[in-house]
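Peer 1: I'd like to ask you about the structure that follows.
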Amino acid sequence: MANRAYLEQKQTQCSIINSSFSMTHRDLPTLTLSGKIRVMVTFFLFLVSTAFNASFLMKLQRQTQKKEEVKKLTRMKVLLKHLTLANLLETVIVMPLDGIWNVTVQWYAGEFLCKALSYLKLFSMYAPAFMMVVISLDRFLAITRPLAVKSNTKVGQSLIAVAWFLSIVLAGPQLYIFRMIYVEDISGQTGNFSQCVTHCSFPEWWQEAFYNLLTFSCLFIGPLLIMLVCNAKIIFTLTQVLHQDPHELQLNRSKNNIPRARLRTLKMTVAFATLFTICWTPYYVLGIWYWFDPEMLNRVSDPVNHFFFLFGLLNPCFDPLIYGYFSL
């Protein structure tokens, strides 16, 4: 992240004809020691996340293919299946792309893959964030509107479809704003260094700021606020129920409006929101800092930049552990 951000910061000329700009050789990004460590950790997390999420999907598949009869997954397990698919998508796209790009430093894959992979990267980051929102909304409705949810079995399916649709649409601008650029030496000759960046894609600075703010809001702030509101409302509703009839709840939870299994899924939903917040907050705080103060790259060390990004990659690795802990 730091190398490519630094490269865009150094862009001082814009040529739509040849998509090139001037830079001295010593300004070009290189693979540092901290970058090598980031690559190794990234591929390790790739293996861990792939193994964990694939194992959970296989477990769900076995549950639907019993010898006696084909069993239908519960609504919660369907939601978890889509979250796992989204996590796998993020794992197989974001992690290898980041690892390989940090090794090569520059972009060798051409204009088409520059746009396509930039689109897929953002799409695969939107999907798990939106799926966690869907799970929070589903649990919120299950507690506050249990009869309505039970009578309308398509609520969960509709929320899932909306989440995938928004992921596809909101990542669309990546196909336009990302492009390949080439570095010129001080004599004006185009060199051999190429990169995939958003150079000259926004005519006005406020347009880029607006797009960055929109992306940040949809990837982090929006999902986080929705999850917090849903979980707060759930806890408030549970507190009211416990205060209204605590004796009956203790004697027979299985017949209560909030059975033991539902309480377990609620705890899991809170765990998802907590993990999402812990993993991604450092990364996005660093991103906001860079938007308002690009010179921060000269003050924050490379190891710190790499660490914050790697912290975000822990999210798809730990989600399956949450499934396992709550024994769903």
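Using the three backbone atoms N, Cα and C, a Cβ is placed for every residue, glycine included.
Residues annotated as topological domain 'Extracellular' in Swiss-Prot, with sequence analysis given as evidence: 1-38, 98-115, 185-212, 301-306. The annotation N-linked glycosylation site is assigned in Swiss-Prot to Asn18, Asn102, Asn192. According to Swiss-Prot, the transmembrane segment annotation covers 39-58, 78-97, 116-137, 165-184, 213-232, 282-300, 307-326, on the basis of sequence analysis. Per Swiss-Prot, topological domain 'Cytoplasmic' is recorded for 59-77, 138-164, 233-281. Residues or ranges marked as disulfide bond by Swiss-Prot on the basis of sequence analysis: Cys114-Cys196.
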Peer 1: Between the transmembrane segment (39-58) and the transmembrane segment (307-326), are there three or more C-beta pairs closer than 8 Å, counting only pairs 6 or more apart along the chain?
Peer 2: yes
Peer 1: Report the mean pLDDT of the predicted model across the topological domain 'Cytoplasmic' (138-164), rounded to a whole number.
Peer 2: 82
Peer 1: Identify, among the glycosylation sites Asn102, Asn192, the residue whose Cβ has the fewest other Cβ atoms within 10 Å in this structure.
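Peer 2: Checked Asn102, Asn192; of these glycosylation sites, fewest Cβ neighbours within 10 Å: Asn192.
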Peer 1: With pairs closer than 6 in sequence left out, are the transmembrane segment (282-300) and the transmembrane segment (116-137) joined by 3 or more CB pairs under 8 Å?
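Peer 2: They do not touch: fewer than three Cβ pairs between the two stretches lie under 8 Å.
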Peer 1: Measuring Cα to Cα, tell me the gap between Cys114 (disulfide bond) and Asn102 (N-linked glycosylation site) in whole angstrom.
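Peer 2: So the alpha carbons of Cys114 (disulfide bond) and Asn102 (N-linked glycosylation site) sit roughly 15 Å from each other.
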Peer 1: Under 8 Å between C-beta atoms and at least six residues away from its ends: which parts of the chain pack against the transmembrane segment (213-232)?
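Peer 2: Residues 122, 125-126, 129-130, 132-133, 136-137, 139-140, 166, 170, 269-270, 272-273, 276-277, 280-281, 284, 287-288.
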Peer 1: If I take the alpha carbons of Asn192 (N-linked glycosylation site) and Asn102 (N-linked glycosylation site), what is the distance between them in whole Å?
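Peer 2: Cα-Cα distance, Asn192 (N-linked glycosylation site) to Asn102 (N-linked glycosylation site): 17 Å.
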Peer 1: For Cys196 (disulfide bond), just give me the three-state DSSP call.
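Peer 2: DSSP assigns Cys196 (disulfide bond) to strand.
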Peer 1: Using a Cβ cut-off under 8 Å, which residues of the same chain at least 6 positions beyond either end of the transmembrane segment (78-97) come close to it?
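Peer 2: Residues packing against the transmembrane segment (78-97) from afar: 42-43, 45-46, 49-50, 53-54, 56-57, 60, 117, 120-121, 123-125, 127-128, 130-132, 134-135, 138, 156-157, 160, 163-164, 313, 315-316, 319-320, 323, 328.
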